Structures are given as C-alpha cells and as structure tokens.
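Database features, via TrEMBL:
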type	residues	note
COMPBIAS	26-37	compositional bias 'Basic and acidic residues'
COMPBIAS	90-116	compositional bias 'Acidic residues'
COMPBIAS	123-159	compositional bias 'Acidic residues'
DOMAIN	169-277	domain 'Peptidase M16 N-terminal'
DOMAIN	292-336	domain 'Peptidase M16 C-terminal'
DOMAIN	420-700	domain 'Peptidase M16 middle/third'
DOMAIN	706-887	domain 'Peptidase M16 C-terminal'
REGION	1-64	region 'Disordered'
REGION	87-166	region 'Disordered'
Amino acid sequence: MPGRNKATCGFGSPELAVGQQQAAEGGRDAGGRSPHGDEEEERGAGGPGHNLGDPDIVKSPSDPKQYRYIKLQNGLCALLISDFNYLDGAPEEEEDNDNEESEEGSDEYDDSGAEIEDGREGFDDEDCDEGDESEDSNGDGDNEDFGGSDDSELEELAEKEETRKRVYSEKQSAAALCVAVGSFSDPEDLPGLAHFLEHMVFMGSLKYPDENGFDVFLKKHGGGDNASTDCERTIFQFDVQRKYFKEGLDRWAQFFIHPLMIRDAIDREVEAVDSGNADTLKHEPRRNSIDTYTRLREFWQRHYSAHYMTLVVQSRETLDTLEEWVTEIFSEIPNKCESSLLDECFVVIFCKLMIDPSEKFWALALYGGNGETGFEQNSTYSIFSISVTLTDEGYKHFYEVAHVVFQVWEEIQKVEANEFHYQEQTDPVDYVESLCENMQLFQKEDFLTGDQLLFEYKPEVIAAALEQLSPQRANLILLSAANEGQCHLREKWFGTQYSMEDIDKYWSDLWASDFELNQDLHLPEENKYIATDFALKVADCPETEYPVKTLSTQQGCLWYRKDNKFKIPKGYVRFHLISPLIQQSAENLVLFDTFVNILSHNLGEPAYEADVAQLEYKLVAGEYGLVIRVKGFNHKLPLLFQLIIDYLSDFSFTPAVFEMITEQLKKTYFNILIKPETLAKDVRLLILEHGRWSMIDKYQTLMNGLSIESLSNFVRAFKSQLFVEGLVQGNFTSREAKDFLNYVVEKLQFAPLAHPCPVQFRVVDLPNTHLLCKVKTLNKGDANSEVTVYYQSGARNLREYTLMELLVMHMEEPCFDFLRTKQTLGYHVYPTCRNTSGILGFSVTVATQATKYNSELVDGKIEEFLSCFEEKINDLTEEAFNTQVTALIKVKECEDSHLGEEVDRNWNEVVTQQYLFDRLAREVEALKSVTKSDLVSWFEAHRSNQRKVLSVHVIGYGKHEGDMEVAAVSGQNSSGEIPHLTLLPPSSLMSDVTSIKDIKAYTSTLNVLPYHKILK
C-alpha cells in the first residue's frame, strides 16, 4: 500500500521445514457447516461449545486463543481466531450508548551485535506515539496507526477505575487476506501489474465508492491498514477497534467483491506508486498501444478469485460469532474458475550454516539460510544463500572466502521447540498477516507451526537437499563500489550496472574435486546457554503495577518489576552506561562508535551459542552512553549478560581489528549520508539541537584518521567514570535483578560521575518566521528529494502533548489524500508529531523526485494542504471530534501483546530519566478534558503570524531542480570521498522566507531553551 507505514523487512533465521501446499478441507462442509450435526446447533445456541476450537490445529501450550478452520462455498478458506478468553477471562460486554450510526503504524530485535546507525534511545526527536514506539525507532517514520474508540467507554472510564482496568486489556481486532498471485504472474509486457493492482483495489468499491473512505473509517476508529505484493502472493491486512470490526470487515471485503478501479484513479496512482511504474505501466504501454486499464481489470478478473484466497480474522468474539460474520460477508467474493492454485505439493528445505570467524580479518559478518521472501522461497525453487560482509582485504580474496564457506554446513534442530512451547503473543495484525500466508503453504494442523517447528526427521530428504548444496550449483555475487569500471551491462529499469563471468577455472576445478577440509572448522561444543529450567519464580517482594527502584547508589540505580501478567519463563534486561565524554567532541562520538562495534565484534564468537539458544543481545551506541539489551529464557540469561560485561571489562583489540572496523564505519556513515531521508533528519536536528554533532562532522573526523592510542585512551576514560541505570523485568526475583547491577559495578570498578550527566540536548528557540534550509543530496545522480516542514511548538505540558497527538491523528488521512492521492507528489507522505529533546512540534514530510517536482513547489503544496486542513478542522462536528478523542484514548488503553511492549515503554522512561511509568494513564486523563475548541485554537496558534516554521529540503538531481537528466548509477559515489553540504538559495517560489546559508553560524544567533521534560 502507499506509504502510510514504512516497510520493514528482516532476514529471518532459517529453519528446516517441510510443508505440503494444499487446501485442507477441515471439519466443515462447503457451507461452513460442521459434519457433527447437532453439536454445531448447540454451539450456535450459545451453549458451552460456542467457542470450541478445532482440535486438529496444533498450537503452543502457552497460547490461550481458540482457532477454527472453515471453507466457504465459494472456495475461500478462513481461519478464525478468538481471543475471547485472553489473559483475564471473558470480557465484559461493551455497552453502546453513543447512538452512532454506521458510516460510509519491538523491541523485537532479530539480530545481535552493535548498532551504529541512528542508535538513538529515548525521546530525542521521537514520534509522539510513545506507547507504541520501540526504542530502536529513529522516530522519523510514519506514526503508528492509532487504535481503539468507544464513546460509551469514555464515560465509564470517568466513573469507575475498575472499569478502566478492565478496558485496559482490550485488544485490536485484525484481519488479513492472502491472494495466491504476485509479481511472478506479471504479464511480460506489463511488469509491475500485480503490485499496481494491490494499490488499485483499495481505491473505492461499488458499495463504498469514496476513494479514501476505508482509511477515513479506520483512522476514525483507531485502526490502520497495509498491503504487500511478493512473488507469488499478495497480502492485505487491517486492524480496528473491536466494536467496529464487523463493519470494517464488510468495508474491506468489498475491495475483493467489487472494487471500482476507475480509469482516472489508475492514471493518478500509476504516477504516485513509483517512477518505474510510470515507465512500465503508462509510458511504454502507450508507445505499444496497450490499454493498461483493460489489462488491469482482466488481471483482477483472472486472479482475484475466492478459491485463491486465504483469510484470517482475530477478535475478542466467540468462534461462532466470527464464523457467522465471515460466512455472511466473504461468501460474496466471486469464484471465477474451477481449479485451485493450492493443489500442488512442494518441498522446501531450510538450512543453517555455522563457521568460525576468520583470523585473517577478511569478513565482518556471515549470514546463512533462506530469507523467506518470495524471491528466495517459492513453489518453483528455494535459494540457500550465504551472505558474507567482506572487508577491503576480504574483497581481494573473495574466492578464498567462498572456498571456506563451501567446506562446512551444520543442521540445528533443538531450541525451536522450547521457543514455540513458551511462545509470546504478537500484535494481532502481524499475527493474522503471517497466518494467512501459512494457510497457502501448510496443511490445517500446521497453520501455526509450519514456519516455526521442524517436522519429523527424514534423512532421505536432507540427503537430497545436500546434493543440491554443492559448489557446482552455486552463483557467486560480489557487490562492491570497487567494481566500478568493470561492469558493462545495465539493468533496464533501475540502471544498475553489472557484469557476468565464469568462475575462475582453478577454483571451479578445485570445488569439483574431493578437496581437503579446513582443520580449523569444527562442530560446536555442548551449548551451555540452552535453558532447562522453565519454572515461574515466586515473588520475593510485593507486586507492583510499574517498575520500582530497588537499588540506588552513587554509581547507579536499578528499576525492577516482576512479570505477573504474561507468565512465561523469559526476562528482559536493559542497562544504560552513561558518560559525559561521548558528546564532548565529534572525535569522541566516532571513538565511541568504534569502541562499541569492536566490542560487538569481539563478542561474535563467544556469544554465538547464546544466539543459537534463542538468547538475544544488542549493543547500542546511544547519544549519552552504551546501551546493553538482552532478552530470552531467564534461566541462562545472566550468563549472557555476564559474558558481555566481562568482555567490556577486559576490552582489547588488535590493529587489524581496529582497521577493519573503522573502514566499515566509513561505509556506514557514508550510506547514512547519501540517503535523502536520513540526511534531512540530520540537517533538521543539527539546526534544532544545540551542541549536536552532525553525521558529516563524524564522517569527516573518521576520514581524517583516528589513532589506536586515541581509542585506547577513550575507552579507559569511558570505563573509569560512569552512572549506570538498569531495568530488569520478567521471570526474575528482586534479588536476582539486583545481581545484574552489582555485577556491572563489581566487574568494571568505575568511579561515580562528579556531576549528573543530562541525557538530552537543549533545543534552540526558532524565530517567529519561516526558515528554509535547502541542501543538495550527497548521492550523485539520485533523483529522490525529501521535503519536511516542521512547526515548533515549544516546552509544553502533558495535556498539550496529547493535543498534538490528536491534531496529527486528525491530519493523517486528509494529508495523505491531498498530497499523495490527489496531488501525487510522492510515495511516502505523512504528518508526524515530534518530541525533540522534550520540545514539542509537528511536521509534514513528502518524499518526491526531482525528475517530477521542484521541492519548493512541494513545500507550497504542503502549505496549501495546511490551509485546507484549517477549514476542515473548523468544520469538524462535535460527534466526529469525540469519536477521534475516544479512538486516541483506546489506543493508549490497548493492552500489550507481549512483555516486550511493556518493557519498551518502561525503558523509554528510564533511558530518558523521566520515570513517568504511568504516562499513558495520565495522557488518558488529560484527553478527557480536551474540547474541539481547544484543538482548533491549538492548530490556529501554530498557524498564526507568530508561527515558528522550519522547512528542510534535500534536493535530488533532475530537470525540475535545474539539472541535466542524470540517471542514478550505482557506484558513482565512493565512501572515500569527503562530502560537504551544499546549501542552495531559494527560488522565486519561496522568496519570502529566511534562508539559512550557514547552519552553525545561523543557529549560534538563536536563543537556547532550558532542558525540558514532559512530565505534568
């Protein structure tokens, strides 16, 4: 779907899985009726069987949800999920007193190691939606979709605290539908048609013709939607408050029953999706007399058939209720052909690779397996890929590196079973999205387990797969800027230069022979990190709703809360090692990044077994300190934590490792700088945050050279004086929690800080005018531009904070509709509530292209939108305003899906030293007093003559920016270059603004606001 939510992708850990692709019929006939006859009638009557699940579906013992599989008469297969009894028993029935009529965007980190890129923790420039924000977020993406709304609940919240606690456990309802068609089905003369159809079906239906009506409905009732197109499948999903789920299902189903797909909308959308789509779906078809509109409808008619679809719905309803809704609504989707794509069987093999790190320092990282994308895993083939991040020296020896890789492979089977048995719950919309795809791949009993557990041991299947994993069948791909000048072929659509050649004869002959194995390769020893004790601990102190400080000294403090809700044998441990040294200079920042990444490198081998045992860790080079995060089964988690602290205490490195890490760091910094979105953020924060060092400052410092001695001196000074704050949550006792902090203090032997170290920047007070900072992209030939218009509000309180959230919530859909759908200015368009080091503001961002639009024209369109929005918000009815307030309240009351969400929220309070653990409850109370008049006045104050506005433009290359047509070519940039910001003057389109010609010189003239935290 168009850029409402930023896409995320991951390279999942590969697992051995064998699955049959077929449509399981389950225990119900074509009409959704059970063959058990009278028993089903008793269920429908509301007897004790009204929520009986399907016993054939294998689920985790820790999963409280109920599941039922049905197949409708039109061939659509559906999995119904009831979390009616989730956690705290059956919910109270919701009252509906509002008389409202029906109407027309984890801390789940998969990788272990160090994080350099944008490793900001806490409230520095985060989006305001703190309740959903993971501390990994850079805070510059789209707001998370808001959730939850019920007017009657708002009244009850004001009356009864007990009712508030009950409603607090309300989850979003969610649905996902997978169509068994993707980009592999694109016609040869219309590449991109499947993805384009994914966009078009959502632009109005016969029953609900408003182009953006579904999104308006979802935003009004605290929901969101998204979609994605893979090689063989297209997935659609949405979530919304439970109260509006049935209506949401009806509106959503119409896109598959009778989408409008009008010609005018097609012409607009093809321009907005991607510049490549305009070529493949508009310009070339016209040259070849192809009617894209007709072909799109033919593609929909052929492929969007009920028997190609799998549906998953999850809500806090009984299974009988969900079955009734699904049968009533989705039976209308037409079945357009007789055969099914799901009848063929295929086998997919996943493997894992284990190899000892090379002592030659040729490689920084190695990942092996199957990425589980449609391109790597589909019904035609599977790819076992091994990705090695090479150093510059490794690039020179890539054949030798490949030779080592070919000498070993390892199969791992054990720990997945423990992870599944004590599986944590996930967000409903993510869960249904995963399962609707599983339904295309696995038999009914394996819907939940097929992509997580290994099936029975079949040596013949493994042997057959091993025969395929031979060097003779491998393709070697070498990606490097050093290949510039050697690549004489060009890919048609993106202009990527490449070359192809046969593998060197020496190596191909060697790999075809029975070559000698490397004696340094070996199987791992017994894994000491695999948990064996899964007992839940007995509390040794009174239970609390929020973390409490259990230990406090001059050297640090510890916050602790024992889990009494999710009841799984897992724990989360977070520590922040704070030092004032880090922000003293750009050189110190670079030394700190280098230190953290060498530490992570040193841990790679000894912590590997912990990673295999599903214990995860991450080291983050934060703005003010080293952040250590570990999580997993609590039994052996202290061992991993102690390992990290031991390596920190005994930190050492060789000159070779120092050179390897600094060279890689140059590439990391450079890659951040050449992306328009990250450069725009860097420029904006450089203007706003007093004393900030820019990424260019850091990159130039690194390029000028660091010495080994300077790193050693920095690390010694860093470890000598610290203040350490920790948070321990999960299946630990209070005594065990204290042991974590005590271990840090005893092992590192550091002195306390002489003075407290602030963990935030001070922010400049923007003048009452419109500022413009316009810089040229650092990526030569890149057409992509980024335009952000930021409004500074100032040092505000908690109530004003919620007003800003509410304003942005009202703004989201109109902003998208005006700038994206109607003006087609760019793919990613979004407003954002910003909390920049405690100073409130909001912004509107458009990612556009210089080949299509001038950035100042885009800035003007943002202004035009805000003017239209001012009229819209003044015309807002009290009913619509109250509904939106309730929706925001409901999202703040939405229960955590798993312990990690609660930990993320509490950690944000610790790492920013705000400690307002009941922030969400206080925000709810503040929202109850907000009126429409407050909201209108709030927005008008930001649009008055006293407005404080900062426009940041990162300008791409293209004719609309006065450049000759330049195709973006991979390899034109080199990380060896030292870039400089080129600040551009405004054109006549923005002649009335104040242009920033020198950032540091200009900001030095501005007043600096005091430190501020939003606490009251």
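Cβ coordinates come from backbone N, Cα and C, glycine included.
Fair warning: this is a prediction, and the values are worked out from it, not measured in the lab.
Below 8 angstroms of C-beta separation, residues 32, 43-44, 46, 50-53, 65-66, 68, 70, 72-84, 86, 91, 170-171, 173-181, 185, 187, 190, 193-194, 196-197, 200-201, 242, 245-246, 249-250, 253, 256-257, 259, 261, 263, 266, 270, 281-282, 285, 342, 428, 431-433, 435-437, 439-440 of the same chain, each at least six residues beyond the ends of the domain 'Peptidase M16 C-terminal' (292-336), sit close to that stretch. For the domain 'Peptidase M16 C-terminal' (292-336), residue counts in helix, strand and coil come to 27 helix, 7 strand, 11 coil, using DSSP. If you average pLDDT over the domain 'Peptidase M16 C-terminal' (706-887) in this model, you get 95. Broken down with DSSP, the domain 'Peptidase M16 N-terminal' (169-277) shows 49 helix, 22 strand, 38 coil.
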